[in-house]
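Taken straight from TrEMBL:
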- 22-163: domain 'Cyclin-D1-binding protein 1-like N-terminal' (DOMAIN)
- 175-270: domain 'Cyclin-D1-binding protein 1-like C-terminal' (DOMAIN)
Amino acid sequence: VAEGEPGEAREPFELPRFWDALGQTFQVTSQEATKLSLAFSRPPLPSAEDCQKLSEDVQNAILAVATVYYWLPKGQGTTLRKMVRDATTEVVEGMIQLTDTILNAPVESLSQEQLRSTGSVWEACEQVSNLPRGEYNQAAVVSALAACLGVVKDAVEEMEHALVEGQDPYGDIMEDEELGFRGNRDTYWSEADRQLLSSCMGLMKASKACLKKVLAAVKAHGKADSPEQIAQLDDLADIANEISPSVDELALSMYPPVNPLAVRLNASLMKFLHFCRTSHVCPPSEEGWVQFLTGAVDHNMNKVKNFTQGQL
């Protein structure tokens, strides 16, 4: 499941039928996990015949989950397939963990580890209800963009909070028992640092605004009627997945001592804007904000370059 690739369906693919089947197989797997755990929750142990039946039922449930996952053809979009694959893998791995726990646990009583493992399988099976079930790949990409936006929002808020708190972002760190006082050489922003921080915050806020706008554009104009449209949505999700770690890296590099090289690693934002402009989710009515944000990113990037030029 983790490494395999579904093939193209031999018969017309029906998304509602797929979701129904996937939900049913996840539900059956959850039930089999409960049966397995209860059978080994107290002595006496199940008979050899009962063990054989339990293991066959668990195996059949897991094979059914994997089989339904493989129904989902490549043409439905890589973003959707990745989300379904991750959910399927979590269920399979959860059942493996539960089985290992039972095999290694004492028979006398139900262990906390066995309870946790059983609960993990239940939670993994319940995740099927949270998977985006809208129009093919469009709903999955909306979900992926929303997740990236959440990460970027958190990074921006954290950085704004650190700036408001004053000169010492590490003020809550106590004196080290072995090293003594931590000193202040690398824990305070200089005036030059603060000039650079303003432009860095501008880039982070531009990233947040960009993701927010593209998310709205995909909701309003995103389609999955053709392979080209599906591929464009996948590309947007892939590039967005580059932005959130880039923003995180940018935020980390802004803590003293400021790393002038790391703060310039934000090229994925310009790539995102360019691709959005050329995709079907950006009709003429959306071009205004794309142009505005492109200018904002250029402006802040140029200021960062000017501030750091002497340190390269």
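Numbering starts at 1 and runs along the chain as displayed.
Each residue, glycine too, has its Cβ placed from N, Cα and C.
Within the model, the domain 'Cyclin-D1-binding protein 1-like N-terminal' (22-163) shows a mean pLDDT value of 90, rounded to a whole number. According to DSSP, the secondary structure content of the domain 'Cyclin-D1-binding protein 1-like N-terminal' (22-163) in residues is 116 helix, 0 strand, 26 coil.
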